[in-house]
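Chemist: Below you will find the structure I want to go over with you.
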Amino acid sequence: MELVKLNRSVQGSGPVASLCRPGGPLLNNSGTGNLSCEPPRIRGAGTRELELAIRVTLYAVIFLMSVGGNILIIVVLGLSRRLRTVTNAFLLSLAVSDLLLAVACMPFTLLPNLMGTFIFGTVICKAVSYLMGVSVSVSTLSLVAIALERYSAICRPLQARVWQTRSHAARVILATWLLSGLLMVPYPVYTAVQPVGPRVLQCVHRWPSARVRQTWSVLLLLLLFFVPGVVMAVAYGLISRELYLGLRFDSDSDSESQSRVRGQGGLPGGAAPGPVHQNGRCRPEAGLAGEDGDGCYVQLPRSRPALELSALTAPISGPGPGPRPAQAKLLAKKRVVRMLLVIVVLFFMCWLPVYSANTWRAFDGPGAHRALSGAPISFIHLLSYASACVNPLVYCFMHRRFRQACLDTCARCCPRPPRARPRPLPDEDPPTPSIASLSRLSYTTISTLGPG
C-alpha cells in the first residue's frame with residue numbers, strides 16, 4: 001500500500017514556489033515529482049493550529065490503541081491454551097501484521113508531515129513503504145484464509161479434519177507472509193527520497209512510466225481487494241446458509257424425536273437420541289458444545305470395563321430454559337462467524353478509500369489532487385491506519401472467551417497476595433464428609449475395582 005501524504009505547500013523562495021505543490025500529493029506522491037500549480041487555500045493561523053492539534057491527537061489515539069490492543073491479543077492468544085485453535089492462529093498473524101503497520105509506518109508518516117521534510121533517509125523510506133505493503137497484504141490474505149478455514153470447518157467438517165491442524169495453519173501463515181513479501185518487492189525498488197524544494201525532501205514512488213503506475217494500481221486493486229472480497233463473500237454466504245439449515249434441521253429433529261417419545265411412552269433407561277447424520281451434517285455431542293468449535297465430529301462409543309451405575313451416571317433431564325447442546329454449538333458458531341464478518345467489513349471499510357484513491361490517482365492525477373487535497377486525504381489517511389486498532393475492540397466486545405482470557409492473563413501477570421487461611425481451633429471437630437462425597441467415593445471404588 002502506498003503511504004498517504006497530507007496536504008502541504010512546498011517551501012521555497014519566490015512567489016511561484018509558494019503556489020506550487022508536488023503533482024498529486026496522494027499516497028506518498030506516486031508520481032514522478034513534477035510540480036503543478038494551483039491557487040493557494042487561504043486559512044487562518046487558528047484553523048491550521050486546530051487542524052494540527054486534531055490530527056496529532058487522532059494519530060496518538062490510533063497509535064496507542066493499535067500497539068496496546070494488538071500486543072494484548074498476541075499475549076492472550078499465546079498464553080491461553082483454550083484459545084489455541086486454527087482460527088485464532090490466523091487471528092494471531094493478523095494481530096502481528098496490524099502491530100507492524102502501527103509501529104513501522106505511523107511514526108514515519110506523521111513526523112515528516114509535521115516537520116515539512118523527510119529526515120530519515122533512503123533506507124527508512126524504502127523500508128516503511130515495503131513494510132506497509134506487506135502488512136496490508138498479510139492482513140488481507142489472513143482474512144481470506146480465515147474465511148476458507150471456517151467454510152471447511154462448518155460446511156465440510158469430516159473432510160476438513162484431515163488437514164485442519166495447527167501445523168497446517170502455521171504453514172499457511174508462513175506462505176501468506178512469504179507471498180506478501182514477494183508481492184511488495186516493487187515498492188523498495190521504485191521508492192526514493194527526492195528533493196522538492198530548498199531543504200525539503202519527500203519519500204516518493206518513482207515509477208518508470210504512467211502505464212506502469214496504472215498497471216500496479218489495478219493489480220493491487222484486484223489481488224488485495226476485489227478477488228479477496230468475492231472469495232470471502234461467497235465463503236461466508238455458504239457458511240450462513242449452512243448454519244441456517246443446521247438450525248432448522250436440528251429443530252425438525254427435536255420435534256420428530258419428541259413426538260416419537262410421546263408416542264412410545266419414553267425411551268427405555270432414560271437414553272437420549274444420538275447424533276443424526278443427514279446430507280453430510282451431524283449433530284454434535286454434548287461434550288463438544290463450545291464457543292469456538294471447529295465442526296461436528298463422529299464420536300465412537302468407548303467400552304468401559306468398570307461397573308456402570310446407571311443411577312449415578314444418567315443425566316437428569318428437565319425442562320430447562322437453555323438451548324440443547326447441539327443447538328448451543330450452532331449458536332456458538334454463529335457468534336464466531338458474526339465476529340469474523342464484522343472484522344472483514346471493518347477492514348474493507350478502512351481500506352476501500354485508499355484503494356480507490358490510488359486507482360484514481362494513477363489514471364487522473366490532477367483531478368484526484370483537486371478533489372482530495374486537505375481534509376479528505378487526512379481522513380483517508382487516518383481511516384487506513386484505524387484498521388490496525390479495530391480488531392482488538394471487536395474481540396473485546398464480541399468474543400466472550402477472549403474477554404475471559406484477558407482477565408485470566410491480567411490475573412496471572414498481577415497476582416493477588418494469598419489470603420491467610422484461618423487455623424482450626426483445637427476443640428473444633430474435623431470436617432465430616434457429606435453424603436455426596438461418600439457416594440462419589442463409593443462409585444470411584446466400585447469403578448476402579450470393576451466387576452468381581
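Every residue gets a Cβ built from N, Cα and C, even glycine.
Grabbed the feature section from Swiss-Prot, which reads as follows:
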type	residues	note
TOPO_DOM	1-55	topological domain 'Extracellular'
TRANSMEM	56-77	transmembrane segment
TRANSMEM	86-107	transmembrane segment
TOPO_DOM	108-129	topological domain 'Extracellular'
TRANSMEM	130-148	transmembrane segment
TRANSMEM	169-187	transmembrane segment
TOPO_DOM	188-217	topological domain 'Extracellular'
TRANSMEM	218-240	transmembrane segment
COMPBIAS	263-272	compositional bias 'Gly residues'
TRANSMEM	339-360	transmembrane segment
TOPO_DOM	361-378	topological domain 'Extracellular'
TRANSMEM	379-399	transmembrane segment
LIPID	CYS413	S-palmitoyl cysteine
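Can you walk me through where each of these features ends up in the structure?
Modeler: The average pLDDT for the topological domain 'Extracellular' (1-55) in the predicted structure is 46.
Residues 3, 59, 62-63, 66-67, 70-71, 73-74, 77-78, 127-128, 131-132, 134-136, 138-139, 142-143, 145-146, 149-150, 153, 164-166, 168-170, 172-173, 176-177, 292, 294, 336, 340, 385, 387-389, 391-392, 395 of the same chain sit 6 or more residues outside the transmembrane segment (86-107) yet have a Cβ under 8 Å from a Cβ within it.
Proximity of distant same-chain residues to the transmembrane segment (130-148), defined by a Cβ-Cβ separation under 8 Å and at least 6 residues beyond the stretch ends, is recorded for 1-3, 87, 90-91, 93-94, 96-98, 100-101, 104-105, 172-173, 176-177, 179-181, 183-185, 187-188, 191, 224-225, 228, 231-232, 235-236, 340, 343-344, 347, 351, 387.
Panel annotation: around the transmembrane segment (339-360), residues 1-2, 4, 26-27, 30, 87, 136, 139-140, 143, 146-147, 150, 217-218, 220-221, 224-225, 229, 232, 236, 367-368, 372, 377, 379-380, 383-384, 386-387, 390-391, 394-395, 398-399 of the same chain, lying at least six beyond its termini, place a Cβ under 8 Å from a Cβ of the stretch.
When Cβ atoms from all protein chains are considered, those within 10 Å of CYS413 (S-palmitoyl cysteine) total 9, not counting its own.
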